[in-house]
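Okay, so here's the structure we're looking at.
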């Protein structure tokens, strides 16, 4: 798709470059195009077209093409003049961008003049710069036909046409050319002159211009297509000039309505005649997207996820390297010196700008095609560099340049790389300006005399065959050798130093003596002995010149003025020449190779955009050096860009970062978040209700395009549009479920107005598929009623687990292990075939498996896992930045404590005392009234107690009471009772406090001792477990030691020493003994390898289990019981251990259970079933509730914890009773069967005892883990249940005389401050602003008197 926005340069501010006329031109008419009130209505096919050569019957299909946007406006570009033309008519907005194309709705103005029907409308012009270097398409009505031409017109500066019906005082003038312009297309088309409206559909795609037309019906039909190879950037409608006629008779009006096209997807409906009867623009509305998604013009009721109408980029970021020079490719291509195919030339262009449209205009192009590259993508793209090769084309060899050809031009001159992204340009230059440069590029050809060709100016040299030689090649024979030749004596000469003479042999036949036989006869092309000829025929490679032409060595020797080796011109073979001239022009081939597409600074500037500011934090369209997309730019600090790099990619090739050369800032590019849009559509409604999931309406309104709706609100699911918020209303059935218990309900318009008078038929309501009370009234169990236990309380447990994930690698030199360095053993071992190779192969596989296993474990640990090197099971410590304090909550006596303010601490004396449970209750009882002291006596374990601290008031009161009782006995004896009770109760309070403290001390001592014992046992078990881990490591070494010990085993031979065997026995017997030893050692080695295979299987399984536990236990919380520890998983920690991983799991285990009645499901009203979701239905007090499976927590049954069933039936499957056959077959007696085969045969079996010490050690940490578990239980049981002794703070008020002293001191302070301010000069300025509140004695009596007089 072409998206071309072409900005005319200031030097081309007018249309065309030739003033056809200067008369009656002004700039007074400031008319602007009218905007239509009607919009593009595609429902009847307006704006669509019939695809070329395709017929569809009775079908609905999606089609992507160039269409107008549904609902877009038209612009009227028709202009009508009489005498004057306005210069403003030839500038924007009348001069418009063509971009992808336009759709035109043209009024056919019909007028009868002198009984003659005239059909008139304006002429449209589509082109680029409108001069004779580019093609311009003109569509002009003329006498009832359409004249359509595509020529290289020289357009007038102010072009116009004239009326045919009324005439015009102006002459039609819109182009002027000194000769007939070059045209690609000229054709006349008829049209219906009686039609009221004509419709035109013009668009361009990949350099091809398409035209469609209709005068009856809305969809247009194919008119013509034309390959231009260039981009059409602008169009305008030429003014139509007519003679001025009075307005009452002038009923000729012009209307030329135009709307732009873009690449869009349409849903088209074809009837039984293949006619388009309905169409939908898929991206014009939410409803249209649903229609296209379902490929139906009447979608069914449902909820649809939409992808369109989401992201609305608010800006465009465009970047190119500024101030780069022009590549000037056209200057190099038009150079008059043109090379031949033999010495083709190459030029590399980089860090520059080029304009492909201009290039193709400035070069006389015959054809331009591309390979592995869409040539439309070149416009506006950037590359690392552009490599351009060129040479003149021999006329007879033009076909050799077809891609994949094996003709002479590509096999022996220039090879076209069909795997690269390239374009092939065929062009020509005028004959008078061309000089063909024929030059031999071969260095070894030129060494021996051939560097240029003596041909005419337009003859082009090319190679038929190419040859390569060694650097020491010389075509001349050695004179000292050939001087003895009697016949066939070749020419000879002295070869250059460092080269080899031509190979010649002296031969004698029956008739001739000393006959010379030399290489490469008769010539290198048709030599008899190609293997001995040093000139090798080759095919040129990509980017290579021909290495050299062939040399007839019989014509190389001493020449005139050349004493050294020299070849005559006719000695060089395998080349031809032909003319490049055709129609007085020389044909040239050029190959453009585009390197690094969208990754460099060699850019096409056809689009002529300017660099823009970078908008951050919002969704934008971007074009970064040819790479386009949408994203959100966020400025970051990055130091990983080199000076020549500016784009950052991810592993999938997507651009994720950008360095701006203009500002030297770096950005990360994030995808535009659009959210998920769900459309709830009710069949036959005019529009759907929309839910932008997880987005606020404020974000939707500001960043996402949508059709304006008066109803929108934020919900739990996201922003809801075109619906009314009625979540307080619930429905039991729903066709438009939105999830999470919400529903979109649709009410018919008539009933809606009667009930609520709202304008939206959609309501956002709560979905409740059943009523809980109804369920309890009519419920029946499904599958029966069962009794199970569900946990109610838990305790935390710890569990340590070691998993072996690797082992030491082992490699064995099998031959050395069996035979050491004895040759006889090695010879005999070779007869065992590939046994040793198999052993090494198996061990290599074991080592590879260890590497893979370690890599898998490392990858699992590297992603989000913190390995600890100092783990501790004590929860009060931190493990590598893992702080458990926030998980433990508040610990100690300060939890929940409150304190008074700083002022209260200043004004009162604070006293703290221990509280075993009665001080706070006493304080609450008194409420601050000290007279209620004895009324608030507390009881502690049956003993009356009071707090042991008294205030000054209480001491005074009780002292007075005791004094009165002592002064007037017995009448005042009763006054001493309160004093006695007060003393006794407070002594009781001290006693019980000391008793509790004593008991707590004993509990602390016992629990601490028990905790120390448990900790000791736990560390002992951990130490034992680590010792077993160490034993696993030692076991591998022990296995190797056992294997080495087998070297000293005789395995039935007379000795384990090969030297002793050889010295004691003869050759044959020695071989037998060595063979026994080899068999034994190979058997031991085979056993060891088998053990290694068995061990690696266990290690691999352990590694897989470790990876699974890292992923499920360490990185997340496992739902499986007893998988991560014992019980329900809480968290797990992992640390490295020798050849494995050590896990520490924390879990909670049930300590108490509740027995309940459960049912697998419930049946509602006999026809509808529900099943629990991750829990149980329990029967509690004749009512059904739901609880989770891992913890007893009853809650009401709702749609969030149930799964619905279609019926209440239960399908039972009976397991078949199948037993494995464990009977033992009845075999014949072994001795009897053996005797049948070995009658009268006696043999003594050798003693092949094999003392195997290879043992596979498995970890058995069961006992240690049990000890650790018991220690943990012991620690849990050692919890110190102390009697709670609180700390109570009591504030004692000061006596009255202290307060009196404070007040007196404060008054004295104020008086001193007052006299300081009034009696010194320090406060005069302040008091003058207070209107003389204090009189001053001196200097201002007049003012005082005057003020008194005024009063």
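Backbone N, Cα and C define each Cβ position, glycine as well.
Since this is a predicted model, take the numbers as computed values, not measurements.
Among the features that Swiss-Prot reports, coiled coil is placed at 1030-1074 (among others).
Summarising the annotation, Swiss-Prot assigns coiled coil to 1257-1285 (among others).
Taken from Swiss-Prot, the feature N-linked glycosylation site covers 29 (among others).
Within 10 Å of the C-beta atom of residue 58 (N-linked glycosylation site) sit 10 other C-beta atoms, taking all shown protein chains into account. Annotation comment: Swiss-Prot describes 58 (among others) as N-linked glycosylation site, evidence class sequence analysis.
Among the features that Swiss-Prot reports, N-linked glycosylation site is placed at 132 (among others).
DSSP gives residue 171 (N-linked glycosylation site) a coil state; it is part of no helix or strand. Non-local neighbourhood of residue 171 (N-linked glycosylation site): 162, each in the same chain, at least six residues away, with C-beta under 8 Å from its C-beta. The N-linked glycosylation site annotation in Swiss-Prot covers 171 (among others).
Residue 335 (N-linked glycosylation site): 17 other CB atoms within 10 A of its CB, across all protein chains. Annotation note: residue 335 (N-linked glycosylation site) sits in a coil segment as assigned by DSSP. Here Swiss-Prot flags 335 (among others) as N-linked glycosylation site, drawing on sequence analysis.
What Swiss-Prot records for 703 (among others) is N-linked glycosylation site.
Residue 725 (N-linked glycosylation site) falls within a strand segment according to DSSP. As annotated by Swiss-Prot, N-linked glycosylation site applies to 725 (among others), with the evidence given as sequence analysis.
Feature annotation from Swiss-Prot assigns N-linked glycosylation site to 771 (among others).
For 1211 (among others), the entry in Swiss-Prot reads N-linked glycosylation site, with the evidence type sequence analysis.
Sequence annotations record features per position, and here Swiss-Prot assigns N-linked glycosylation site to 1226 (among others).
The N-linked glycosylation site feature in Swiss-Prot is assigned to 1240 (among others); the stated evidence is sequence analysis.
Feature annotation from Swiss-Prot assigns N-linked glycosylation site to 1255 (among others); the stated evidence is sequence analysis.
Among the features that Swiss-Prot reports, region 'Fusion peptide 2' is placed at 920-940, with the record citing sequence analysis.
Summarising the annotation, Swiss-Prot assigns region 'Heptad repeat 2' to 1245-1284 and lists sequence analysis as the type of evidence.
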Relative to the Cβ of residue 725 (N-linked glycosylation site), which residues of the same chain, six or more apart in sequence, are found under 8 Å away?
713, 715, 764
On the 0 to 100 scale, where does the mean pLDDT of the motif 'KxHxx' (1347-1351) fall?
32
